[in-house]
Amino acid sequence: VHRLLTYIFSYNDLISLSCGAVLVWYFAGSFEKNVGTAKHCFLTVLFAVLSALLYLLLAAVVSRVVEVEDPRGFMPVAFAMLGVSTTRSRMRRALFLGVRVPVVLVPWFLLCVAWFIPRSSLLGNICGLLVGEAYGLGYCFCLDIPESVSSKLDRLFPFTLLKRVPGLRYIPGASAERRASESVKITPPPGSYPTQSSCSSSPPALPTFPPQHPAAQSPGFQHSCTPG
């Protein structure tokens, strides 16, 4: 039973380990910023177990026709997170390899690309993507945790310990706290831009000259225009 979860930490070679590290850094990192660290840990376990159960269900049928590869590594969970992000995205189209395609089709194009990764389980990745899209569409609402529970988990062990680890950025579970942390991050302190200090000081005064009569400025022009 423990293999329903531990398979995401299993890699066969250095290439698959490098691909898994990139997936964790890119997909899991961006997904954690949207849901918080505590809920991200919960959804990682949930997506791993549901993807494994769906794989065991489909592999019993698909293995009679073709040979299937057992899922290993973080890739099925990464496709689940990608499925959630695309189903809940407000964007209609995205740029993929220079072509604008619907956002919901981007994970399926990436699924074809992941097919060429060594030791990659196509059926396992499909199961992860199906689980993510089902969660994104709201079919797994009974297994989800609300934001209030996620905020309470921030004050419990081991998440309180993660906040104290130097070099790690902990994302709070409450959306209001996440927006507040982002606004503090991007809002510069007053006077940090050099344009503010230059605009606050008064501009240098221009030299003033006494007004002169037009006739006194160009006497030659006046005489040349006189009749006769």
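Using N, Cα and C of the backbone, Cβ positions are placed for all residues, glycine too.
Curation does not apply to TrEMBL; its annotations are automatic.
The model shown is predicted, which means the values in this text are computed figures rather than measured ones.
TrEMBL lists 193-203 with the feature compositional bias 'Low complexity'.
Here TrEMBL flags 204-213 as compositional bias 'Pro residues'.
Among the features that TrEMBL reports, compositional bias 'Polar residues' is placed at 219-228.
Positions annotated as domain 'Peptidase S54 rhomboid' by TrEMBL: 2-139. Here the domain 'Peptidase S54 rhomboid' (2-139) has, by DSSP, the following mix of helix, strand and coil residues: 95 helix, 8 strand, 35 coil.
What TrEMBL records for 181-228 is region 'Disordered'.
Annotated transmembrane segment per TrEMBL: 6-28 (among others), in sequence order.
Beyond its flanks by at least six residues, the transmembrane segment (40-61) meets 3-5, 7-8, 28, 31-32, 68, 71, 76-77, 80-81, 121, 123-124, 127-128, 130-132, 135, 140, 143, 145, 150, 153, 171 of its own chain at Cβ-Cβ distances under 8 Å. The annotation transmembrane segment is assigned in TrEMBL to 40-61 (among others).
Feature annotation from TrEMBL assigns transmembrane segment to 97-117 (among others). Within the chain carrying the transmembrane segment (97-117), a Cβ under 8 angstroms from the stretch's Cβ atoms is held by residues 15-16, 19, 75, 79, 82-83, 86-87, 89, 91, 125-126, 129, 132-133, all 6 or more beyond its ends.
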